[in-house]
Amino acid sequence: MRALTEEKPYRCSKCLKDFKSKLFLIKHMRVHTEGKPYKHLLFLRKLKNKSTTLRHMRIHKKEKPYICSECFKDFSLKSSLLRHMKLHKGVKPFKCSDCLKDFSRKSHLLTHMRLHTGEKPYTCSECQKYFSDKSVLLRHMKVHTEEKPYICSECQKCFKRKSELIQHSRVHTGEKAYKCSVCLQGFSRKSILLTHMIAHTGEKTYQCSECPKDFPEISGLKKHMHVHIGEKSHQCLECLKNFKQKSDLVKHVRVHTGEKPHQCSECLKSFIRKSDLMQHLRVHTGEKPYQCSECLKGFQCKSNLLTHLRIHTGEKPFHCSECLKTFSGKSSLLTHMRVHTGEKPYKCSECLKDFSQKSDMIKHMRIHTGEKPYKCSECLKDFTRKSNLIKHRVVHTGEKPHQCSECLREFSHKSDLSMHKRVHTGEKPFQCSECLRKFSRKSNLLMHKKSHAGEKPFQCSHCLKYFTRKSYLMKHMQTHTLEK
């Protein structure tokens, strides 16, 4: 540790940070110039002899006469080549005294040690976020500049980091560079392989000092630590909600302002977050990057895939507090809850009828528009609902898959079987509110109600007499045929 009184005569004019040497100041200035050399500070290096001068001049001339025989990478200095060769030979002479991890370079060990000490000497001048590694800070600075210099040659998608481009390119090539040594399963990302390995080893390396929870990666532990630290320094002035990062607060504020800066170029729909726009674009491109490993079905977003996987696992983690019914997805539970609350948030703009589900309203709207998108391939009859088409198809196939366990009578539709069973059980669930008479079918109740209302919609064409039911009219018609 350096003494607190150590002299640091060189000060940065941008952020007022002090340094002990002019060289350190020049290196630091690249943080403000996005990694480019700071032109206003000239540094004339004093070299000991002619050979040192020649070696140094190769840096400016970009001469690289030393070539690696393994991977053909070239270097300007012999010492750099020798250091690089340790990667191929597997030589790692520098060991961490805390976790015993080995490193090929001393600089890598020093950077790694900051994970244990918590030291973060590099600060972002824009958002004051701290970093343990200078290269990570430089990558982070691109968040503020929106610079994306790495372009995919296949789909022209741009990335801020070269590693992100390499990772993305595997979508096109199908490459799975990381292979499990136990079951030989391939993965496109190293992080997914490490998570997968836990299934074989059960090992979780990084343990939380506050609770017994452990994690396979240090990044997972860092995210988890916020639970204990409770550090949320950025507060929304509208609703007083706190956020850990300033960027999260900026996104949240748009909920109050209504600002939607990210617009779809196809349909002009706007979104609060860029991630929401990227997900929406898949509607137009048809891209479904998330695939179910069981049935190979594709999904546009990861959350839909996770919900779908519960079909295969049978997991239903969402419980209704009223009737204890379980659901695989949270959205299904919220829709179900309207059965208990009676909430019907979707209204038909034509007849003002209310619905608990948006899908039911869309189906209902076809009554007004006359739209019948489902066509029978046999007789070309159109239907407003897919379920009605499926029921209709039985007419052509003659299939009757639903059988009564009491009398073995067969039915084409499950609903017909359910109504038939009431003959055996004597159940009459539909009751008239006027005379309390009960009926086994809803259609019979509706016809009965006409007798109270005095409604007689069926008229005899011979004597113009009216009847409440069509069956009554048909019986009456027989009196005219007997007269003839």
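We count from 1, first residue shown onward.
Yeah, the Cβs are placed from backbone N, Cα and C, and that goes for glycine too.
Taken verbatim from TrEMBL:
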| type | residues | note |
| --- | --- | --- |
| DOMAIN | 66-93 | domain 'C2H2-type' |
| DOMAIN | 122-149 | domain 'C2H2-type' |
| DOMAIN | 150-177 | domain 'C2H2-type' |
| DOMAIN | 178-205 | domain 'C2H2-type' |
| DOMAIN | 206-233 | domain 'C2H2-type' |
| DOMAIN | 234-261 | domain 'C2H2-type' |
| DOMAIN | 262-289 | domain 'C2H2-type' |
| DOMAIN | 318-345 | domain 'C2H2-type' |
| DOMAIN | 346-373 | domain 'C2H2-type' |
| DOMAIN | 374-401 | domain 'C2H2-type' |
| DOMAIN | 402-429 | domain 'C2H2-type' |
| DOMAIN | 430-457 | domain 'C2H2-type' |
Distant-in-sequence neighbours of the domain 'C2H2-type' (402-429), which means Cβ under 8 A and at least six residues beyond its ends: 391, 394-395, 438-441
Chain residues outside the domain 'C2H2-type' (234-261) and at least six past its termini with a C-beta under 8 angstroms from it: 127, 129, 143, 226, 270-273
Positions on the same chain near the domain 'C2H2-type' (374-401), where near means CB under 8 A and six or more residues out: 363, 366-367, 410-413
Segment confidence, the domain 'C2H2-type' (430-457), expressed as mean pLDDT: 84
The domain 'C2H2-type' (402-429), counted residue by residue under DSSP: helix, strand, coil: 12 helix, 4 strand, 12 coil
